[in-house]
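Working notes, beginning with the structure itself.
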Amino acid sequence: MWKFIVRRLLITIPQIIILSIIVFILAQMMPGDALSGLIDPSIDPAAVEQQRERLGLNNPWYIQYVDWVGGILQGDFGQSFRFKMPVTELIGQRMVNTVLLSVVTLIFTYLIALPLGLISGRFNDTLLDQAITGYTYIGFATPLFIFSLFMLWIFGYNLGWFPTSGSVAPGTEPGTIAYWLSKVYHALLPGISIALIQVVSTVQYLRSEIIDTKQKDFIITARAKGAGEQRVYNKHIFRNSLLPIAAFFGWEITTLITGTVFVEKIFSYPGMGLLFLESITQRDFSVANSLVLLFGTAQIMGALLSDIILSIVDPRIRIK
Amino acid sequence: MKKASLSKLLLAMMLMLILVLAACSSGSDDNAEGDGGSDDGTEEGTDEGEGGSEDGIYSIDDFPAAKTDAGEAIDGGTLNYGLVNSSVFEGILNWNFYQGNPDAHVIQFFDESLLSADENFTYTQDGAATFETSEDNRTFTFTIGDNVNWHDGEPVTAEDWLYSYEIIGHPDYTGIRYDASFRNIEGMDEYHSGDADTISGIEVIDDKTLEISYKEAWPSLLAGGIWAYATPKHIFEDIPIAEMEESAEVRQNPIGMGPFKVESVVPGESVTYTANEDYWKGAPKLDGVTLTVVSPETVVQALESGEIDIAGGGFPTDQYPDVEESLTNVEFLGVIDNAYTYIGFKLGHWDADSSEVVTDPDAKMADVELRRAMWHAVDNNAVGERFYNGLRWNATTLIGPAYPDFYNDEVEAPTYDPDEANRILDEAGYEDVDGDGIRENPDGEELVINFASMEGGDTAEPIANYYIQAWEAVGLKVELLDGRLHEFNAFYDRVEADDPDIDIYQAAWSTGSDVDPSGLYGKEAPFNYSRYSSEENDRLIAEGNSEESFEVEHRQEVYKEWQELMVQDIPVFPTVYRAALTPVNERVTGYSAALDWSEWQEVGVTQEDPVLPE
């Protein structure tokens, strides 16, 4: 298996290089640059031009690219044109928020998905199952951004149970317990909103997998041996039905850092997704490029992780 | 079994049919709208005009600029200030380095200009520093008040003020504030190029007195042209200038001399402030202020729930008609924004080598009569009423009513009069030769005018279409550039590069504190996107910033004359002025939305908790 992992990692290197070149060229082709938004009569265009020169924005793209890559090889992702701070520091700030939000989402997703999927699969075609599948169909049909707005309106503004924007209450001292509690509190509503919608595919997978498994011969054998119904479900069916979900898990990990643009926007939650969106609209290329590179790497790693997890949980799959 | 699969098949086919039909019908709807739009539009327009103005049409005159106090302020209390912005604030919390407007909102609470300004943005003697002007108007002597101190207790000194100039003029400076008014200081060029270690034109007389000598006497220096922000030298001294803007002293714990001290900053999201008891205008009434960023989509809910007391930084005025009734806990303040929207005519190009505008007498839009007719053809009051509920209204001159003493309200700008437009075009020789209802140019050739306009909001497209239809009504064929609206960066890229495909364009200017139009319409101004120039224009612009114009009356006369010239020559024509609305919770006292207002120490609240809607 190690051979496989090493080989996969080696393949990712040219993938990432090509990705970075494409991203860089696309970014260059967009009209305007980080300073072109400064169309303001109280700012001297000559001063802007001077800064453009200083930041190297007037150089041809390949020189800028070489500068950028050269920096990355030394661990320096450059300066954000807009925030005027190192990109790594900026991403670090946002990454904390996004990871927190994703963890909350993941916890809620599995907290909802596992029981629902189990019940619905075990008692399939009962009223209870129909109610659960009914929910999954509605979930499939509901766009996440509409649902989030709805949640924000009800639980944020009308009931006032949750904060409506930001990632932490103003004025809390970083590092204290109150600070982290406040951060979790701010991530709850967006996290639950995503989970309630995202969960539906997992529920469906689990349900059909369980229905499938419970008709298999080895289950009949287990029953014939006299195993109790509870034992049959918990030990034999559940374990075998988790395979597709385990495969999914690797992908879910990648969303830990990519974040979700829509939800972050609606909840004004400063995470990676929002940073990405803003860096594109504001032409903050150094940030946008670094983010795409990071996201791309995360995707490739996620795929790899999925394969590895799958090979661990399912001994039948052997990676050669 | 067979039957069941057949019925399933039928169901699937039905579903497909529904989809196809739905797609068709929505398509044809779109077409109908596109075709019939012009007829509907004009009919509705006249209906509304007759229907009376109380029906959803507002006027800036109905909005107070200052908050009506609803009782006595209590001792203390915390104000929640909502900064309306669709993204985070950058967090460059220092006047010398900030770029974006959101950051300016954050800084205003803890640091301020040493010089105060009046409603015309001219410096007064009421600020933290006073000044004297020499005989030849080239040397200014500033005296900082004795009671003006930094938040850490150190006095604000002349040395601190000089330090701001040394930062901005320095070759390593990373911001964008080094402009003509800095270059005008004696010795600044030498300092900026690194040939001199000090700025010879700025002299520290004593701890509290600073003298700045300029090469030329410019009246605009006194209208926001002096960099009046001091930098606490004892804090920044050891930080290299190139690294200042990323330092914690700028981002995490900045200090200033303003009414509030920064307590904590959550990057991009929120800032908490506490009162500065030692403030030179007296201790603030409030105990503190909490600033949070609120997105324009949810600002109304935040006001309704009392989460924020003031929505500053640009409340989306298009939401006002929807919430005016329901937000009973809020008073809406309104001021005339120092901005205008305009239609520009491309009259030449920018010569990068000589850095000046070259006006082309053969440009497609070079005929002033054509431009005048186009102004007469459009009804900007209707645009303001129909698209902005009256919160924008017909503009007449390029120096708007936001500058009360310079605004020329007697200017006879062309107004909506299609008959007059037709008459002018007939006289100028734009006749419909081939009888297709579209005028040809005086040489009998086809005349198609390309119109560039920016996307943004729901109204951008209908407004652009309205103008095109209004011009069509007088027989001018105007087409949207590439048949669509353009994104901000793409739009300015092409307008700036004098793309030959653009004949006219619609844009807006937010004018700065100085009334001087040279930055937008001068011959050497890159922002002069219409590329208009004339001798008279050069003369008036130079005159407006000459030594004689230190006499305010003279300056007013010159600029009023310039406004007349712009209405005569029409390189661009302003379409609408706009109102800026600021909703404020009823519990707030002493606040004003006026552009020149900065009396945060006077702001208080009448109760601990925000007033909620009844």
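A Cβ is built for glycine as well, from the same backbone N, Cα and C atoms used for every other residue.
Same-chain residues lying 6+ beyond the ends of the transmembrane segment (A:9-30) with a Cβ under 8 Å from its Cβ atoms: 61, 64-65, 68-69, 280, 283, 285, 288-289, 292-293, 296-297, 300-301, 304. Residues or ranges marked as transmembrane segment in TrEMBL: A:9-30 (among others).
Positions annotated as domain 'ABC transmembrane type-1' by TrEMBL: A:95-306.
The transmembrane segment feature in TrEMBL is assigned to A:99-120 (among others).
Residues or ranges marked as transmembrane segment by TrEMBL: A:132-155 (among others). Packing against the transmembrane segment (A:132-155) from elsewhere in the chain are residues 116, 119-120, 161-162, 164, 189-190, 192-194, 196-201, 203-204, 207, 260, 262-263, 265-267: each is 6 or more residues past its ends and has a CB under 8 Å from a CB in it.
For the transmembrane segment (A:184-206), same-chain residues at least 6 beyond its ends with a Cβ under 8 Å from one of its own Cβ atoms are 97, 100-101, 104-105, 107-114, 116-118, 120-121, 132-133, 135-137, 139-140, 142, 144, 147-148, 151-152, 155-156, 161-163, 166-169, 241-242, 244-245, 248, 260, 263-264, 266-267, 269. Per TrEMBL, transmembrane segment is recorded for A:184-206 (among others).
TrEMBL lists A:241-263 (among others) with the feature transmembrane segment.
The annotation transmembrane segment is assigned in TrEMBL to A:291-313 (among others). Taking Cβ pairs closer than 8 Å, the transmembrane segment (A:291-313) reaches residues 1, 5, 8-9, 12, 15-16, 19-20, 23, 72, 91, 242-243, 246-251, 253-254, 257-258, 272, 275-276, 279, 319 in its own chain, all 6 or more past its ends.
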